[in-house]
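**Q** Below: one structure in structure tokens.
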Amino acid sequence: MIDILGDWKRSHFCGSITAADTGKEVCLMGWVQRRRDHGGLIFIDLRDRQGIAQLALDPDRDPEAHAKAERVRNEYVVAVRGIVSARPEGTVNPKMATGEVEVEVKELRMLNGAETPPFLIEDNVDVAENIRLKHRYLDLRRPALQSNLVLRHKVAQIVRNYLNDTGFIEVETPVLTKSTPEGARDYLVPSRVNPGMFYALPQSPQLFKQLLMVSGFDRYYQIVKCFRDEDLRADRQPEFTQIDCELSFVDRQDIMDIMEAMIATVFQQILGIELSLPMPRITYTESMARFGVDNPDMRFDLELVEISNIAKDCGFKVFADAVKKGGIVKLLNAKQCASFSRKEIDDLTDFVKIYGAKGLAYVKIQEDGSWQSPIAKFFTEKEIALIDEAAGSEPGDLLLFAADTFKVANESLGRLRGHLGQKLGLARKDDFRFAWVTDFPLLEWDGEARRHVAVHHPFTAPLDEDIALLDGDPGSARAKAYDLVLNGSEIGGGSIRIHNREIQNKMFSLMGITAEEAEEKFGFLLGALSYGAPPHGGIAFGLDRLMMILTGSDSIRDVIAFPKTQKATCLLSEAPGAVDDKQLRELSIRRAVRNN
């Protein structure tokens, strides 16, 4: 039989009682973690958001409460009244925050029963993720996930307090907006009152926050939900949360200074870690040269070395031909990895092929300093000496080579560097290394579309000294853009924006957007730029990805209350779902069968 709560009021959380409460009468409420019957005396571990308290039920003290306790099972919801007492000698549990005390129960109310859960409500439970996501309301009872979400709340509060104290104003921007098909695909929402027309869910509040700067708000922020209909991976979701900021009358340095201080405040208050400021700054060109990627993991060395000048005239045709075709040859020195088996090297070769590399040449440095490799015979002693010097080769090292286009050689070896960092245990989760990456290319050439595309977005300003390049050599122009990278993940990215209508029109033109198209898609922005737009810039941080790193989680789904799968489905609510024909008719939509 289920009891009613009645006039009972909780006095303490389960995890908050301590030895200082000994002798006090308390009222606790929560879920039964486990029940143990010791031949008359029954012990219940009662759990809530803050922890676990041990309850002791003695039939001599309250027969009715004891009788109810005999019927409770795991995950039953109960409320108890009792006296906090010190645990008997020898029964103290140092692993529990409440391990010095227990509650001698005088009254118990059984507030609800529970079916047997499909998995134990424990942190180290071994259960398939799809089962956990299907029963997310049970999964979220586990202390680790609750801790992650409580920490997420604290981070959001710290960010808000910092930005409020730094002169920012929180402003909400529209969720139903206009589709601007640059970048990832939009999620579209049909308009019932405007048949045949669609809203788009925002990929970011980009244009609206720029308009707020034109409006004179000076400093804006928002912790905002954004949406992208893109292929997913471990650290991406179709809906995600950004810490979004925009500032007027600033340069890049101002924004980086303010934002790294915000991140330092988060790390100090959450982890007790004092970050060294200013954070390192490297250019995109330097990052690609040293690490092969624009989001380098700075926790370990393994830097890449270009040897194109040595390889261009060597006898190994793969290397020489790559350079002659305008490509590059780079190597990575995996220190003391010459013991890798052929299978391990084959696995590394398969890994780089994911990123377009055709293969992976290797050299093992023997104890006498000589090369052991299928390609050794193609190199002269002088070339070998030059490569060893460039690589810093030592006996026991493994040299790994990529010869391809600039993009493929860098990305394949750069990703391999990150992979080896994990494989060799060089990337500790409790080691936090930041870097600002700056001076990205403004544009890149899309060979398939036969036009330039923005590396970041079309509203990014070029460096002042590169504005002239827009007329003759736009591919060489650099952007006033900056990304904040933490342990190989981009956690934030932004730029100084174009605030001059003429330059914005030029940018659209370089991207193959006609004046008519620009007016149709972005006329409201261009109009605003005609009415005294101030110099401005901003940044957005991925809160989900930041939380993933702060908590040491392997999946972004562990820091989001109700996440989607990698197929963008919600196993709990079974979204997305079908809608009936009546709803579709109201929206002037007709079903079409897709031919796969």
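Glycine residues also receive a Cβ, built from the backbone N, Cα and C atoms like all the rest.
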**Q** Among 118-121, 206-209, 466-469, indicate the range for which Swiss-Prot gives the feature region 'Aspartate'.
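**A** The range carrying the region 'Aspartate' annotation in Swiss-Prot is 206-209.
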**Q** Report the candidate from GLU286, GLU490, GLU502, GLU586 that shares the ATP site with ARG228, ASP229, GLU230, GLN237, GLY542, LEU543, ASP544, ARG545, as recorded in Swiss-Prot.
**A** GLU490
**Q** Are there residues of the same chain, six or more positions away from GLU490 (ATP binding site), whose CB falls under 8 angstroms from its CB, and which are they?
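**A** Those within reach of GLU490 (ATP binding site), by Cβ under 8 Å and sequence separation of 6 or more, are ASN295, ASP483, LEU484, GLY542, ARG545.
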**Q** Would you list, in sequence order, the recorded positions among HIS38, GLY90, HIS456 whose CA lies within 10 Å of the CA of GLU230 (ATP binding site)?
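**A** If one measures from the Cα of GLU230 (ATP binding site), no recorded positions come within 10 Å, so the answer is none.
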**Q** Per residue, counting other C-beta atoms within 10 angstroms of the C-beta, which of the recorded positions HIS38, ARG228, HIS456, ARG497, ARG545 reaches the highest number?
**A** ARG497
**Q** Given a 10 Å Cβ-Cβ cut-off, pick out the one of the recorded positions GLY90, GLU230 that has the most other Cβ atoms nearby.
**A** GLU230
**Q** Return the residues near LEU543 (ATP binding site), defined as same-chain residues 6+ apart in sequence whose C-beta is under 8 angstroms from its C-beta, sorted by sequence, else 'none'.
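**A** Non-local contacts for LEU543 (ATP binding site): ARG152, VAL155, ALA156, ILE223, PHE240, THR241, GLN242, ILE243.
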**Q** Spatial neighbours of GLY90 (site 'Important for tRNA non-discrimination') among the recorded positions HIS38, ARG228, HIS456, ARG497, defined as Cα within 10 A: which are they?
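**A** Cα within 10 Å of GLY90 (site 'Important for tRNA non-discrimination'): none.
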